[in-house]
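For C100, the entry in TrEMBL reads active site, nucleophile. The active site, proton donor annotation in TrEMBL covers H175. Per TrEMBL, the feature domain 'UCH catalytic' maps to 8-238. What TrEMBL lists as site 'Transition state stabilizer' is Q94. Annotation source TrEMBL lists site 'Important for enzyme activity' at D192.
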Amino acid sequence: MSHQYRKHFTPLESNPSLFTSLAHTLGLSPALDFHDVLSLHDADLLSLTPRPAHALIIVFPTPQNYEAELISKDKDITQYTSSGDNEPIIWYKQTINNACGLYAILHAVSNGHARDFIIPNSHLYQLLTTCTPLNPRDRAAFLENDTNLEAAYKTVALQGDSAVPENPEDEVDFHYVCFVRSPKNGHLYELDGDRKGPINLGEFEEDDLLSERGLRVLKEFIEKTECEGGVSLLALAPAE
(Lines of atoms letter the chains of each structure in order from A and count residues from 1; the text may use other names and numbers.)
(Lines give C-alpha, C1' and ligand atoms only; values in the text may rest on other atoms or scores of the structure.)
Protein backbone atom coordinates (compact mmCIF):
# COMPACT_ATOMS: atom_id res chain seq x y z
CA MET A 1 0.00 0.00 0.00
CA SER A 2 1.37 3.46 -0.83
CA HIS A 3 -0.31 5.45 1.92
CA GLN A 4 1.80 8.05 3.69
CA TYR A 5 2.28 6.68 7.20
CA ARG A 6 3.75 8.54 10.15
CA LYS A 7 4.69 5.35 11.99
CA HIS A 8 5.93 1.91 10.98
CA PHE A 9 5.76 -1.46 12.76
CA THR A 10 7.33 -4.85 12.11
CA PRO A 11 4.64 -7.04 10.44
CA LEU A 12 2.82 -9.56 12.63
CA GLU A 13 2.96 -13.16 11.40
CA SER A 14 -0.48 -14.70 10.76
CA ASN A 15 0.00 -17.19 13.55
CA PRO A 16 -2.93 -17.90 15.90
CA SER A 17 -0.57 -18.35 18.86
CA LEU A 18 0.93 -14.89 18.31
CA PHE A 19 -2.47 -13.29 17.80
CA THR A 20 -3.72 -14.95 20.97
CA SER A 21 -0.65 -13.92 22.93
CA LEU A 22 -1.03 -10.28 21.95
CA ALA A 23 -4.78 -10.23 22.63
CA HIS A 24 -4.31 -11.81 26.06
CA THR A 25 -1.43 -9.47 26.90
CA LEU A 26 -3.64 -6.49 26.11
CA GLY A 27 -6.51 -7.78 28.25
CA LEU A 28 -8.68 -10.32 26.43
CA SER A 29 -9.87 -13.14 28.67
CA PRO A 30 -8.11 -16.53 28.27
CA ALA A 31 -11.59 -17.91 27.55
CA LEU A 32 -11.09 -16.83 23.92
CA ASP A 33 -8.26 -17.73 21.55
CA PHE A 34 -7.48 -17.26 17.89
CA HIS A 35 -7.60 -20.51 15.89
CA ASP A 36 -6.66 -21.56 12.38
CA VAL A 37 -9.59 -22.30 10.09
CA LEU A 38 -8.24 -25.19 8.04
CA SER A 39 -10.85 -25.22 5.28
CA LEU A 40 -13.91 -23.39 4.00
CA HIS A 41 -15.04 -26.43 2.04
CA ASP A 42 -14.21 -29.60 4.00
CA ALA A 43 -16.77 -30.09 6.79
CA ASP A 44 -14.47 -32.39 8.79
CA LEU A 45 -11.61 -29.88 8.80
CA LEU A 46 -13.99 -27.02 9.49
CA SER A 47 -15.35 -28.86 12.53
CA LEU A 48 -11.90 -28.70 14.16
CA THR A 49 -12.33 -24.97 14.79
CA PRO A 50 -14.15 -24.25 18.10
CA ARG A 51 -17.50 -22.49 17.83
CA PRO A 52 -19.01 -20.00 17.83
CA ALA A 53 -16.60 -17.84 15.87
CA HIS A 54 -17.01 -14.30 17.20
CA ALA A 55 -14.75 -12.76 14.56
CA LEU A 56 -12.84 -13.88 11.47
CA ILE A 57 -9.57 -12.50 10.13
CA ILE A 58 -8.60 -13.31 6.56
CA VAL A 59 -4.95 -12.95 5.55
CA PHE A 60 -4.14 -12.79 1.86
CA PRO A 61 -1.43 -11.74 -0.60
CA THR A 62 -2.44 -8.42 -2.08
CA PRO A 63 -2.98 -8.60 -5.85
CA GLN A 64 -0.91 -6.22 -7.97
CA ASN A 65 -3.88 -3.93 -8.55
CA TYR A 66 -5.26 -4.16 -5.00
CA GLU A 67 -4.85 -0.51 -4.05
CA ALA A 68 -6.40 0.68 -7.31
CA GLU A 69 -9.32 -1.68 -6.66
CA LEU A 70 -9.85 -0.18 -3.19
CA ILE A 71 -9.84 3.33 -4.61
CA SER A 72 -12.41 2.28 -7.19
CA LYS A 73 -14.61 0.57 -4.59
CA ASP A 74 -14.52 3.55 -2.25
CA LYS A 75 -14.85 6.38 -4.77
CA ASP A 76 -18.56 6.86 -4.04
CA ILE A 77 -18.30 6.16 -0.30
CA THR A 78 -18.25 8.99 2.22
CA GLN A 79 -15.40 8.90 4.72
CA TYR A 80 -16.63 7.37 7.97
CA THR A 81 -16.88 9.88 10.83
CA SER A 82 -19.17 8.17 13.36
CA SER A 83 -18.27 7.64 17.00
CA GLY A 84 -19.78 6.82 20.37
CA ASP A 85 -21.90 4.09 21.86
CA ASN A 86 -24.64 4.59 19.28
CA GLU A 87 -22.54 3.47 16.29
CA PRO A 88 -23.13 -0.20 15.47
CA ILE A 89 -19.45 -1.02 15.02
CA ILE A 90 -16.05 0.24 16.19
CA TRP A 91 -13.71 0.90 13.27
CA TYR A 92 -10.06 1.98 13.38
CA LYS A 93 -8.43 3.83 10.50
CA GLN A 94 -4.99 2.34 9.87
CA THR A 95 -2.26 4.96 10.14
CA ILE A 96 0.61 2.66 11.21
CA ASN A 97 2.39 0.94 8.34
CA ASN A 98 2.61 -2.88 8.33
CA ALA A 99 0.37 -3.08 11.41
CA CYS A 100 -2.73 -4.47 9.71
CA GLY A 101 -2.46 -7.55 11.95
CA LEU A 102 -2.76 -5.31 15.00
CA TYR A 103 -5.75 -3.45 13.54
CA ALA A 104 -7.40 -6.78 12.70
CA ILE A 105 -6.99 -7.92 16.31
CA LEU A 106 -8.41 -4.64 17.62
CA HIS A 107 -11.36 -4.89 15.24
CA ALA A 108 -11.99 -8.49 16.36
CA VAL A 109 -11.93 -7.84 20.10
CA SER A 110 -13.63 -4.42 20.04
CA ASN A 111 -16.84 -5.67 18.47
CA GLY A 112 -19.58 -8.22 18.93
CA HIS A 113 -19.71 -10.61 21.85
CA ALA A 114 -15.91 -10.62 22.08
CA ARG A 115 -16.22 -7.35 23.98
CA ASP A 116 -17.85 -9.31 26.82
CA PHE A 117 -14.51 -11.11 27.28
CA ILE A 118 -12.38 -8.01 27.85
CA ILE A 119 -10.96 -7.99 31.37
CA PRO A 120 -12.11 -4.90 33.35
CA ASN A 121 -9.42 -2.26 33.89
CA SER A 122 -7.03 -4.01 31.50
CA HIS A 123 -5.17 -2.00 28.88
CA LEU A 124 -7.60 -3.19 26.25
CA TYR A 125 -10.53 -2.12 28.42
CA GLN A 126 -9.01 1.34 28.88
CA LEU A 127 -8.17 1.59 25.17
CA LEU A 128 -11.73 0.80 24.16
CA THR A 129 -13.18 3.13 26.80
CA THR A 130 -11.02 5.97 25.47
CA CYS A 131 -11.50 5.25 21.76
CA THR A 132 -15.27 4.67 21.71
CA PRO A 133 -16.30 8.36 21.96
CA LEU A 134 -13.56 9.55 19.59
CA ASN A 135 -13.98 10.14 15.87
CA PRO A 136 -11.86 7.89 13.59
CA ARG A 137 -9.11 10.48 13.14
CA ASP A 138 -8.65 10.91 16.89
CA ARG A 139 -8.88 7.15 17.45
CA ALA A 140 -6.05 6.69 14.95
CA ALA A 141 -3.93 9.31 16.71
CA PHE A 142 -4.56 7.67 20.07
CA LEU A 143 -3.36 4.29 18.78
CA GLU A 144 -0.27 5.88 17.25
CA ASN A 145 0.66 7.43 20.59
CA ASP A 146 -0.17 4.41 22.78
CA THR A 147 3.33 3.40 23.95
CA ASN A 148 2.09 0.40 25.96
CA LEU A 149 0.25 -0.93 22.91
CA GLU A 150 3.36 -0.47 20.78
CA ALA A 151 5.60 -2.22 23.34
CA ALA A 152 3.24 -5.21 23.64
CA TYR A 153 2.96 -5.47 19.86
CA LYS A 154 6.70 -5.34 19.25
CA THR A 155 7.37 -8.04 21.85
CA VAL A 156 4.96 -10.45 20.16
CA ALA A 157 5.83 -9.52 16.55
CA LEU A 158 9.48 -10.45 17.10
CA GLN A 159 8.49 -13.99 18.17
CA GLY A 160 7.31 -15.10 14.73
CA ASP A 161 9.11 -17.69 12.60
CA SER A 162 8.61 -15.90 9.28
CA ALA A 163 11.29 -13.66 7.84
CA VAL A 164 10.36 -10.01 8.36
CA PRO A 165 11.85 -6.89 6.77
CA GLU A 166 14.79 -5.42 8.64
CA ASN A 167 13.34 -2.01 7.87
CA PRO A 168 9.72 -1.62 9.15
CA GLU A 169 9.12 0.92 6.37
CA ASP A 170 9.50 -1.78 3.70
CA GLU A 171 6.23 -2.83 2.10
CA VAL A 172 4.77 -6.26 2.87
CA ASP A 173 2.51 -7.85 0.26
CA PHE A 174 0.04 -9.38 2.70
CA HIS A 175 -3.06 -7.79 4.16
CA TYR A 176 -5.51 -8.57 6.98
CA VAL A 177 -9.26 -7.95 6.92
CA CYS A 178 -11.62 -8.66 9.81
CA PHE A 179 -15.28 -9.71 9.74
CA VAL A 180 -17.52 -9.16 12.77
CA ARG A 181 -21.21 -9.12 13.57
CA SER A 182 -22.79 -6.19 15.38
CA PRO A 183 -25.28 -7.27 18.08
CA LYS A 184 -26.69 -3.74 17.94
CA ASN A 185 -28.24 -4.10 14.49
CA GLY A 186 -27.54 -7.74 13.61
CA HIS A 187 -25.47 -6.86 10.54
CA LEU A 188 -22.20 -8.34 9.35
CA TYR A 189 -19.31 -5.92 8.73
CA GLU A 190 -16.06 -6.05 6.81
CA LEU A 191 -13.44 -4.05 8.72
CA ASP A 192 -10.31 -2.91 6.92
CA GLY A 193 -8.35 0.06 8.22
CA ASP A 194 -7.30 0.92 4.66
CA ARG A 195 -10.89 1.54 3.56
CA LYS A 196 -12.93 4.70 4.11
CA GLY A 197 -14.87 3.00 6.88
CA PRO A 198 -16.64 -0.21 7.89
CA ILE A 199 -18.40 -2.04 5.06
CA ASN A 200 -21.95 -3.10 5.97
CA LEU A 201 -22.63 -6.53 4.43
CA GLY A 202 -26.25 -6.69 5.52
CA GLU A 203 -28.29 -8.68 8.00
CA PHE A 204 -26.65 -11.68 9.63
CA GLU A 205 -28.85 -13.60 12.03
CA GLU A 206 -26.34 -16.16 13.31
CA ASP A 207 -23.91 -15.53 16.18
CA ASP A 208 -21.42 -17.94 14.58
CA LEU A 209 -19.51 -16.33 11.73
CA LEU A 210 -18.58 -19.77 10.42
CA SER A 211 -22.21 -20.46 9.64
CA GLU A 212 -23.24 -21.28 6.09
CA ARG A 213 -23.80 -17.63 5.18
CA GLY A 214 -20.55 -16.57 6.82
CA LEU A 215 -18.66 -19.11 4.74
CA ARG A 216 -20.39 -17.84 1.62
CA VAL A 217 -19.32 -14.25 2.39
CA LEU A 218 -15.70 -15.36 2.82
CA LYS A 219 -15.70 -17.35 -0.42
CA GLU A 220 -17.13 -14.36 -2.30
CA PHE A 221 -14.49 -12.06 -0.77
CA ILE A 222 -11.69 -14.39 -1.86
CA GLU A 223 -13.10 -14.65 -5.36
CA LYS A 224 -13.64 -10.90 -5.80
CA THR A 225 -10.24 -10.02 -4.38
CA GLU A 226 -8.53 -12.59 -6.61
CA CYS A 227 -6.49 -13.81 -3.64
CA GLU A 228 -6.85 -17.57 -4.00
CA GLY A 229 -3.17 -18.31 -3.45
CA GLY A 230 -1.77 -18.29 0.08
CA VAL A 231 -4.98 -17.30 1.86
CA SER A 232 -5.26 -18.14 5.55
CA LEU A 233 -8.08 -17.58 8.01
CA LEU A 234 -8.12 -17.07 11.77
CA ALA A 235 -11.21 -17.32 13.98
CA LEU A 236 -11.67 -15.72 17.39
CA ALA A 237 -13.52 -18.43 19.29
CA PRO A 238 -13.67 -20.24 22.65
CA ALA A 239 -10.36 -21.62 23.92
CA GLU A 240 -9.97 -25.39 23.75
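Glycine too: its Cβ is placed from the backbone N, Cα and C atoms.
Residue density at H175 (active site, proton donor): 22 other Cβ atoms are found within 10 A of its Cβ, drawing on all protein chains shown. Among the recorded positions C100, H175, D192, the ones whose Cα sits within 10 Å of the Cα of Q94 (site 'Transition state stabilizer') are C100, D192. Remark: C100 (active site, nucleophile) has Q94, H175, Y176, G193, D194 as non-local neighbours, by Cβ distance under 8 Å and separation of at least 6 in sequence. Sequence-distant neighbours of D192 (site 'Important for enzyme activity'): residues of the same chain at least 6 apart with a C-beta under 8 Å from its C-beta are H175, V177, C178, I199. Within 10 Å of the C-beta atom of Q94 (site 'Transition state stabilizer') sit 22 other C-beta atoms, taking all shown protein chains into account. Averaged across the domain 'UCH catalytic' (8-238), the predicted model reaches a pLDDT of 92.
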